[in-house]
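Heads up, the thing below is written out as structure tokens.
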Amino acid sequence: MGPDVPLLNDYKQEFFLKRFPQTVLGGPRFKLGYCAPPYIYVNQIILFLTPWVLGGVGTLLYQLDIMKDYYTAALSGGLMLVTALILQLTNLHARQRTVTVERMQVPNTLTDEDEYEFSSCLGSETVKFIIPGKKYIVNTVFHSFLAGVMCGLGTWYLLPNRITLLYDNVGGTVMIFVFGWVTICIGEYSLIINTATETAAFQALDTYEITALMRPFYIFVFIAVDLAYRFAGNIPVLEQTNQILHILFLFLPFLWALGILPLLDALFLWGMEQVLEFVLGGSPMSSNIKLLVMFLISAGTAIASYFIPSTLGVVLFMTGFGFILSLNLMSPFVMIAFISLDCSLQNLHSVSVCIGFTRIFRMVWQNTENAMLDTVVVSIVQMLVFNTDVWWNRSLDTGIRLLLVGVIRDRLLQFISKLQFALTVLLTSWTEKKQRRKSSTTLITLNVVFFPVVLAFIAVSAVLSSPLLPLFTLPIFLIGFPRPIRSWPGSVGVTASVCSDTVYYKQMVPSLAAALQSALAAGSLGLFLPGSHYLCRFQDRLIWILVIERGFTYCCVNIKGLELQETSCHTAEAHRVDDIFAMAFEREEHAKTLSLNHHFGNILTPCTALPVRLYSDAKNVLSGIIDSHENLKQLKDDFVKVLVWVLVQYFYNKSKTCEKLDKADKDTDESFPINKKAFNNTVERPRSVRDEDSFSVETIEDWTDDSDLFDLEPTGRMRERKEMGPAATAPRMHLSIPGSVEMQSRDGALQKTPLEDKLHRPVVLGLPALDKGKKQEVLRLPSLEFSCSYSELLSIPEEWRTAPIPASKLNEMRQRFPEEWYHFILSQLDFFHLEEKPASLLEDLTKDKALKDLYIHGVLSCCFGLFGLDSTVPAPSHVFRAYTGGIPWSVGLDWLTGKPELFQLALKAFRYTFKLMVDQASLGPVESFKELVNYLEEYENDWYIGLVSDIEWQQAILKEKPYLFSLGHDPNMGVYTGRVLTLQKLLVQVGKLNGDAVRGQWANLSWELLYATNDDEERYSIQAHPVLLRNLTVQAADPPLGYPVYSSEPLHVPLF
């Protein structure tokens, strides 16, 4: 993507140009995008000016000395209340007249695009378009009441005589009166007519219609100051404040439109956080509930200290509660002693003393480092200021001095951080070639010319502790609205874009949290304060850490994992992260040379490397291994051995389970020989109809050209044999479609199923037609009698040896069975779980030919299912398909998949065999049976060998299997690949991000998606920016705006 990617596509540009005027005016829709009757616009203008008209009536009566000012306010407010109720009732009536059934209302950001068909000036559609109405009856009444109060107080606030007394200037009075009423009309329209979409969007959905209260709230704040000035008497400070606010009142519409003033939910969360941190000495909290609870407790502590009569009691109370509420012990006792000796504590019943000292006694525990810095600064200033008449000494006690120094320190650091972020955005818009747009020169020139204005914006943003918003991440800087330090309204860690990569982050997070504890104790990560962001890198994994809370003995973090499937933008920024860490930590290459930092200005600063227990990921191309004729031939031979071992181990382990169950259910004096019927009921799983079905090539019925392809009933000998039923001596498979095979039961009787069941029976296709009259070999299963009674423990279920293998082929394949290996495996069994066993048990098992025949039939049946009857070496593609369980259909495979338990064991054995082939190609051939057993036991205990897409793969990672192996195929390169995950403790590189750069980009993301609805996946603001790490920052945002694949719940990391 080039640098001149459109900031907004054509559709979004048109949408934005319609929405923004609506936001400026508070809700009227004058730009619709389609033709509407003139009365639509006239009605909106009338409703917009109605508050001014009603307020003008009262103003006129006051100016003519007919009514007092407060009566005037009451009259205008009453008229507005009645008008608001009438408008809301009109909307309710219009909705009741609508006969169409409405679906449940679902908020839609694109409702501006809906087209209406208007019938008349006061028709139902007209009313519903202009006055959408409230979702709740309570809001209908409450908002109407607020509209009346706002109109009445607004009339009082903008009385010309009162304004003239403030400024003594007629021109200024007229300006304030006219544009002041425009502000009130905007607030009234947004409250009771149609609420505009605010640029300061904080929540994706406005469930409780809080947005409508935002503009009236700020109007009431301005009016409250004027009321305080009226009733408090002639106070110069209040008078000056009132004069300034009357002028600022005219600019409220611009502050609303630019999104500088926050919505009420963001405002109150931000306000509580700021008061808790800077006034009460606490820390930002990880959730809204915790923030509210901690704010109330901390405020209650400050209030309680006001009523304590003794100095010692105040010190002990504040110290104790400061420790309890922070629970964080560097060495705060020195500061406690220093503060306790302050003479200001003699004046106990003072609000400033209670607030100031409650804060500092809390802060020495909550944030010891900054508290120590503030104490040192206050002490130095105290020594340098000798004049006792200076306001610093005369008007401020030590607690308030510490509070002011703390606020100044925080805001100064924010100013420096925001200035660095702004300069980075400005300079990289030219120095980074891929960020150089046609407008870059113009924007840089404007920033240089209006640098004082930009600097003022940065300063205001720092004072408000709000993000500096780079519009579309261009050097166009706005003041974002204040919001909590974690930037998002929802609970931390609730949502994430979960995918198959999530498990890798989930596994490593506990170990990473433990490593963070050691790093924090050593100070390797710098000041670990709420709002700090860290980026960790290991191989293809990127971990984002946000500090959301801190106490004396703990900190609370949110850990996010970013996607592993790297896009081009993701890759470009990840490579820059790798370069930064390589330059910082790989010092050997640069030890002898003095090199400059080529990444100066990047928002990432390397900190340390943490040892974390996680999976390293190695991917290798298997060319030369999987396509080797010798290796493939050996694989086919080794599969038989591995399958024998898997089956023996499976039934041996199963016998242990049966023995435990037998001990729990039977008397202790019961001994062997084992009751065969009881054992089979325990060991053998319930068999379905499909499991009991068996068929063979020898049971295929004759077929001639006279047979009807679609005949549903058997004919000729088939019908005769069906009539014979269970009395038939040589049961055979009966066909209704040539080339297909139906299944018969184990006892030889045909399954009598309805017609519809018969149509849906499994069909075996692709068998060759047989000449009529040719006698076929019949494979009869001999009845088995074990020479050793303990052979039942390792016995294979009877249906596992019923594969449709011709007798001649079976005898030929018997030669491949490794008898020596079979005997060696049996000799390795211990049977410790058996209480009573003969000394010759293993020898008797080895000599039991019936047991051996069972394993020969079972193993060769699996070979037939996976490789067929052909003795040729399998192709690499067949090996890959067999490993993944996707080999082409065959008669043998159909039989094998009909035995799910056996199929899974065969698949497991094949995967073990493939891994053995890879190991032998890398480490050399296996030289003894003992070495082969060691390989297989290691695979069983320490490895998961399967596919990345398997659910067992994720379970193995969470259980922390030491090794995992998977076979894959790269269709682009046409090669087969092996992937090995190894669990070990490795170094994860950690760097600290510029927190203001992150919050600024997140503020733009919020504005761009929630207000401008610019969700284009190729938009400019999501393209790679190696200095700002723009794409990674967008990914790390909380859903639905961002898309991290993992997000932890708040994790409490101990600091000691």
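For all residues, glycine too, the Cβ spot is worked out from N, Cα and C.
Under the heading transmembrane segment, TrEMBL lists 39-64 (among others). Outside the transmembrane segment (39-64) by six or more residues, the chain places 25-26, 28-30, 32, 72-73, 75-76, 79-80, 83, 87, 118, 121, 126, 129-131, 147, 151-152, 154-155, 158-161, 181, 184-185, 188-189, 193 with a CB less than 8 A from a CB of the stretch.
TrEMBL lists 70-87 (among others) with the feature transmembrane segment.
Sequence annotations record features per position, and here TrEMBL assigns transmembrane segment to 136-158 (among others).
Away from its own ends, the transmembrane segment (170-192) comes close to residues 25-28, 47-52, 55, 80, 84, 87-88, 143-144, 146-147, 150-151, 154, 157-158, 160, 163-164, 212-216, 219, 246-247, 249-250, 252-253, 256 of its chain (Cβ-Cβ under 8 Å, at least six residues beyond either end). Annotated transmembrane segment per TrEMBL: 170-192 (among others), in sequence order.
For 213-232 (among others), the entry in TrEMBL reads transmembrane segment.
Look at TrEMBL and you will find 244-270 (among others) tagged as transmembrane segment.
Per TrEMBL, the feature transmembrane segment maps to 291-308 (among others).
Taken from TrEMBL, the feature transmembrane segment covers 314-339 (among others).
The transmembrane segment annotation in TrEMBL covers 443-464 (among others). Away from its own ends, the transmembrane segment (443-464) comes close to residues 411-412, 414-415, 418-419, 422, 426, 429-430, 474-480, 482 of its chain (Cβ-Cβ under 8 Å, at least six residues beyond either end).
For the domain 'Pecanex C-terminal' (895-1048), the model's pLDDT averages out at 93. Summarising the annotation, TrEMBL assigns domain 'Pecanex C-terminal' to 895-1048.
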Contacting positions for the transmembrane segment (70-87) when only residues 6+ beyond its ends and CB under 8 Å are counted: 47, 50-51, 54-55, 57-59, 61-62, 131, 143-145, 147-156, 159, 188, 192-193
Long-range environment of the transmembrane segment (291-308) - Cβ separation under 8 angstroms, sequence gap at least 6: 269, 272-273, 275-276, 280-282, 284-285, 314, 317-318, 321, 325, 348-349, 351, 354-355, 357-359, 362, 484
